[in-house]
Structures are given as structure tokens and as C-alpha cells.
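Database features (Swiss-Prot):
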type: DOMAIN; residues: 23-250; note: domain 'Phosphagen kinase C-terminal'
type: BINDING; residues: 26-30, 174-178, 203-208; note: ATP binding site
Amino acid sequence: MTLPNDLLETLVKRKESPQANKVWPVTTFSLARNLSVSKFLPCLSKEQKLEILQFITSHFNHIEGFGEFIVLPLKDTPLWQKEFLLEHFLLPYDLVGNPEGEALVVSRSGDFLAAINFQDHLVLHGIDFQGNVEKTLDQLVQLDSYLHSKLSFAFSSEFGFLTTNPKNCGTGLKSQCFLHIPALLYSKEFTNLIDEEVEIITSSLLLGVTGFPGNIVVLSNRCSLGLTEELLLSSLRITASKLSVAEVAAKKRLSEENSGDLKNLILRSLGLLTHSCQLELKETLDALSWIQLGIDLGLIKVTENHPLWNPLFWQIRRAHLALQKQAEDSRDLQKDTISHLRASVLKELTKGLSPESF
């Protein structure tokens with residue numbers, strides 16, 4: 001099973017529209033669920049996983065208000081398409097292992113994804129690109145309610161929805177706000193703005209990578225037990241909004257300071273993308289972030305509507321590169337191939353950038 005080309009085009013275009021908030025461009029929501037009639041995933045045999053897969057996917061047909069869903073059993077899906085979906089939805093899952101009994105179910109709108117038999121029997125995932133977080137969460141809850149009526153999720157009056165990881169019990173909701181805050185991180189103001197007592201944690205964009213590649217900080221709720229969806233969203237919104245305002249103020253201060261060290265960092269980043277023949281993902285994200293800061297501070301000239309940070313944030317990921325820059329019958333995700341391809345793409349896109357006189 002493969003994704004149809006028109007759906008792939010839809011997923012790419014969903015990310016090309018200008019974002020309402022450049023500092024806070026993306027928010028995701030995940031609801032973890034398990035069937036009441038089955039044991040948790042680590043206790044299941046391959047045959048039991050296949051039964052659960054068939055049972056859950058049979059209820060993704062003709063859900064009112066959601067359009068068509070496409071089911072992709074992982075064992076039959078090309079690696080680049082599996083990675084493409086995880087990249088698009090910013091899902092931090094590792095695809096290593098036996099995919100038997102696992103599947104992804106994607107909506108044609110490009111807003112919703114279901115992961116079956118990954119960590120729980122079912123994880124419902126939604127992504128918002130335009131700042132309509134309440135609408136996205138409401139739709140995800142509607143989808144959850146419909147499936148609950150058909151599948152009967154495991155629920156305890158004391159602990160709420162039951163999940164493989166006890167930390168996810170309760171509402172089973174994990175919300176993530178992705179913030180691009182290079183000015184706050186450069187000026188080292190970020191740590192002073194996070195209240196450690198608040199039930200919010202920070203993490204990296206890239207799975208298993210420390211620090212904040214691309215100067216992107218991911219805010220998420222620490223747990224969901226004893227908290228409503230509305231309370232979780234409100235807490236994250238307050239923190240994300242505070243950081244967004246602080247980032248704008250930090251950029252203004254950096255512009256007034258006119259630091260030679262910052263100019264050097266920005267121009268070295270431009271040189272890296274202009275003259276490299278191989279580029280790794282982390283260093284590319286970092287360089288793009290500093291260049292975008294340079295554009296915002298007026299240190300780099302840019303052609304009109306130059307698509308630097310968005311949608312390049314996605315386009316430099318390896319499955320997106322494979323889709324858009326390789327022939328359909330020969331898509332290759334090997335490290336050297338992707339590193340060369342990434343450098344070639346960035347070299348072309350940075351032709352329209354030049355430093356202001358210093």
C-alpha cells in the first residue's frame with residue numbers, strides 16, 4: 001500500500017501557507033488509547049496485534065465530518081512514505097523494529113493521523129499550522145468520541161483513560177507547541193522564562209538529540225492525569241504566548257546592540273549552506289535558523305517572498321527531499337545520498353540571499 005500522489009501533494013501544500021505566528025508556527029495534539037477488551041501492547045502476540053489492527057481500521061470508514069482516511073500497514077509501505085508522514089505530523093516515533101501489526105491511518109485533509117500498535121493500541125494525532133488550536137483539538141476529541149463509541153477504550157473512574165505508560169493516563173492527551181526562538185536562545189534569556197514548577201517540559205525537535213536544533217523549543221505537558229484538556233491547553237498557550245512576546249522583544253534588543261559576534265554567526269551560517277557539498281540535518285536546521293534571524297534583523301538581503309524558514313523546515317527532512325527531488329521509482333534514503341541532495345537544494349535556495357554591507 002502506498003500513498004496516492006494527490007494526497008502527498010496535499011500534505012506538502014498544507015505547510016506552504018504563511019503561518020499566523022512565525023514564532024509559534026505549529027501545535028500538535030495526541031490522544032493515547034487502548035481497547036478495554038485487550039491487554040497492553042507489550043503483552044500481545046503478533047496474531048493478537050493483527051486482530052487489533054483489523055478491528056480498529058474497520059471503523060475508519062465513513063466518519064461524518066472527517067472525509068476519507070487511508071490505511072497504510074507499515075509492513076507494506078515504503079520506508080520513505082512512512083518517514084514522510086512522521087515528518088509531516090512531527091511524530092517522535094522510531095520506525096526501527098518489526099512493523100507486523102502496525103499501521104498509520106491518515107486523513108486526506110492532512111490534519112489527522114492515527115498510529116495503531118505503536119506504543120498503545122491507538123494514538124490519535126492532530127496538527128495545526130494556522131493557530132486554530134481549539135478547533136484542531138475539538139475535532140480530535142470528536143474523532144476520539146466516535147471511535148470510543150465503536151471500540152470501547154479502557155477507562156478507569158480513578159485513573160481516566162488507561163495507557164501503557166502510566167504518565168499518560170487521565171485524559172491521555174499530549175500537546176506540543178513548537179517555538180522558533182533564536183533570539184532568546186542566543187541571548188540566554190530562555191531559561192529565565194520557564195517556570196520549573198509549572199507542569200510543562202521542554203524538549204528537542206529531533207528524537208534523541210540534546211539541545212535545541214534549529215533553535216526550536218518544543219513545549220509539552222508533563223502529564224495528563226487529573227487535568228482537563230482545556231486546562232492543559234490553557235497552560236501551554238500561556239507559556240507559548242509569553243515566549244512569543246519575549247522573542248520579539250529579544251530580536252529588537254539584538255538589532256539595537258548590533259553585535260559583531262552575532263553577525264559573524266549569521267554570515268558563517270550563510271556560507272555553510274552556500275558552499276557545502278554535504279549537509280547533515282541538525283547543522284542545516286541551525287544554519288537556517290540563524291539566517292532567518294539575520295533576515296529578521298535586516299542583516300541579510302532577501303528576494304521577495306523567499307521561502308527560507310517555512311516550508312524549508314520540512315523540505316530539508318530526508319523523506320520530503322526524497323519525494324520532491326528524486327524520481328518516483330528510485331527514492332533513496334541512504335545517508336550520503338540525502339546529505340548530498342540536501343546540500344544541493346540549499347545551495348540553490350540561498351542564491352537569492354546576500355549580506356548587507358557591514
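Indices start at 1 and increase along the chain as displayed.
Even glycines carry a Cβ here, placed using N, Cα and C.
Remember, it's a predicted structure, so these values are computed and weren't measured experimentally.
Shown on the structure are the features that Swiss-Prot records.
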residue : record           : Cβ neighbours (10 Å)
V26     : ATP binding site : 24
T28     : ATP binding site : 23
S30     : ATP binding site : 23
S175    : ATP binding site : 23
C177    : ATP binding site : 25
S203    : ATP binding site : 16
L205    : ATP binding site : 22
L207    : ATP binding site : 11
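DSSP gives L205 (ATP binding site) a coil state; it is part of no helix or strand.
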